[in-house]
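*Asks:* Just dropping this structure here.
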Amino acid sequence: MKKLLMATAACALLPLAAFAQDKPEKLQVGVTTFLTGPASVFGVPAKDAAEIMAEDINANGGIQGVPLELTFVDEGAGTETLTTEYRRLVENGAHAMLAAISSGNCKTIAPLAEDLEVINIMWDCGTQKIFEEGDYNYVFRSQAHAGTEMLATVAYLLKTNPDFETIAVVNQDYAWGRDSWDIFSAALKALKPEVEVVGEFFPKFGSPDFSTEISRLQALQPDVILSTSWGGDLDTFVQQASQRGLTNTSMFVLPLAESSLERLGSALPSGHIVGARGDHYWNHPERRDDEDFKSFMAKFEEKTGAKAIYPVFHMSQGLAALEAAYDKAAEANGGNWPSEDQVIEAFEGLEFQGLGRPVSLREDHQGIEAQLLGMSVQGGEHPFATLENIMIFDGAELTTPVGEESVAWVGTLEPGWVDSLTVETYAK
Amino acid sequence: MNLTLFLLALFDGIAYAALVFIVAVGLTLIFGVMRILNVAHGSLYAMGAYLTASLTTFVLAAGLPPIFAFPCMLVSAILIGVVLGGPLEWLLLRRIYHKPEVLQLLVTFAIFMILEDVQRLIWGTQPIFQSTALQLMGNVRAFSVNYTVYQLILLPIVAITLLIGLRFFLRRTVAGKLILATTEDREAAQAIGIDADKVFLLTFIVGAGLAGLGGALASPTTSILPGIGADMIVLSFAVVATAGLGQIEGAALTALLIGLGRSFAVYVWPETQVLVPYLIMVAVLLVRPEGLFGSPAARKI
């Protein structure tokens, strides 16, 4: 009898508990990142950065007074392990997830997050297809996509080297290498139709040797060589090209080289285009004098011994988006801890700032992020190339409109369109 | 395709084939003598590359002239053979010679996985580049295309020297003849007083050293990072299988075929570059299942 009474009382109290959203003891966030495999060149610095940022957030009282607790999942262990781990974290009560670096993993995880009804911030993956092909309630992207990044690269190339006639491409043979070339070549065809593509090479992902491609390129002598490769592939390609003098005869366009500058050292000579998948640069011309930027960069360098690269910036944006959404939702909830639905509501039209310029979320949950590109220059105070003639493009003008498909949309642009863009230029 | 492009493709193919041969010959030597497919060969290659890069960096930091990059390669190869290969054979492989082949494969694969993690522990995950040796030798110009002397001239010379050296070693020296005799008939060899255990140990050290030498020679040309061993072992297996297991001259010819096939693919039809080595393998094995130089009755080195 006593038991029955207790149970009745407990049931009567239950709805009350549901209304007054109790603050959790800690805000549990799962972060998927590459800790093994070739992409750990991005994943490991991002993890280091996330740890510093979480420490900073918690030192300042956490998010709405709740300390942040990060759990990392290795994307390098394969899709199966990743989804199992992802599920496990969510079922153990994770409040939000930051996933993923790999576009393939984002494609797997976006529908999974929807099924599990967990907020998922796509913090680094580049594929533009997720929001162009699907509609998601729980999934947000705190950065630009490949369409914006490639279009910014084409714009910078046309602004700095308007008279080139021939181009060749050397991309990795997987989704990113192929997709990025689709967008880049479609944009180039629309904006400068007379350019001739003289060579298309897609060496195997992780190829240790580009000697044959480099011989072929020296025979072809294109004005411009594009490579959206990254990590060890990009390092090897640029090193081998530089040793054999290809960097003297062709201009290289390297949209991800910001993440390799320090490793490449003197191998990347002056006068080649370097991109950063957004306005990401350890010496960001608009942010380098800000206190928060300076103090983070000092901490990061002390912890890792290296300059911050773009995944670090992307991580800062992912965490900033989460914090901003909780703050906005709590404010709308009269200062009380918000429910998940209220947080999701807060994400609509959210504006937040990580280490770069402020980023805003569109109604299709796509982030609008500024794009920074520059020209490599050697001979500064560092033993590696830095950037000069830096341009920061406004993200909104470069991002495919809602409801359009990127490759088709960039194909509708007209020559001369680049002159209409909003751009800030910095000597260095 | 005109004559110039043909010659360029030829140069690229030869340079690539040289490196492939150096790695594959160690694998085929071990198989020929010990009848064991050594998956860990890939890790020994990777360790050779890492060790050379570290040693070279250390030697340069100590203020020695850059020419010391070359002895570093030799030292690394010997270290890989003796310090890593020796104990591997002595402690592990020796116990599994009479076990089923599947088990042998699993054991060497386990060694491969363990060594991959050891590399990560020691050298981390960031790519390493140490090209002092390659830069030292400069470039050579052919048909308005620059080649590195290291890849176009040094690597093929090393490969040919190895081929001739191994032939000489196996047919003209006592140690080589002991190896050949043990390969022919282990029991008979033991009956006339040959210490088969010692012969196996020696063979494995030489084979492992060759894997290390391949890695050492590859190290100045490429980024060294986790996973390079796996790549090389797959290609080496293709070479060894196409050549006929245990065939040294066959490995040389196959490496050349695959190298040329790959480079001509890049010139003519780049999309097929990855496919070509395996197409060659399939074509050869369809006609000669025992491999180019293999004989169905007895495989010898």
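Cβ atoms here come from the backbone N, Cα and C positions, even for glycine.
Among the features that TrEMBL reports, transmembrane segment is placed at B:6-32, B:44-62, B:68-93, B:105-129, B:149-170, B:199-218, B:275-293.
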*Asks:* Given the cut-off of 8 Å on Cβ pairs that are 6 or more apart in sequence, determine whether the transmembrane segment (B:6-32) and the transmembrane segment (B:199-218) share at least 3 such pairs.
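*Replies:* Contact criterion met.
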*Asks:* Hey, which bits of the same chain come close to the transmembrane segment (B:105-129), Cβ under 8 Å, at least six residues off its ends?
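*Replies:* Sequence-distant neighbours of the transmembrane segment (B:105-129): 36-40, 42-44, 46-47, 50, 53-54, 88, 92-93, 96, 222-227, 229-230, 233.
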*Asks:* Can you find at least 3 Cβ pairs under 8 Å between the transmembrane segment (B:68-93) and the transmembrane segment (B:275-293), where each pair is 6 or more residues apart in sequence?
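*Replies:* Contact between the transmembrane segment (B:275-293) and the transmembrane segment (B:68-93): absent, because fewer than 3 Cβ pairs are under 8 Å.
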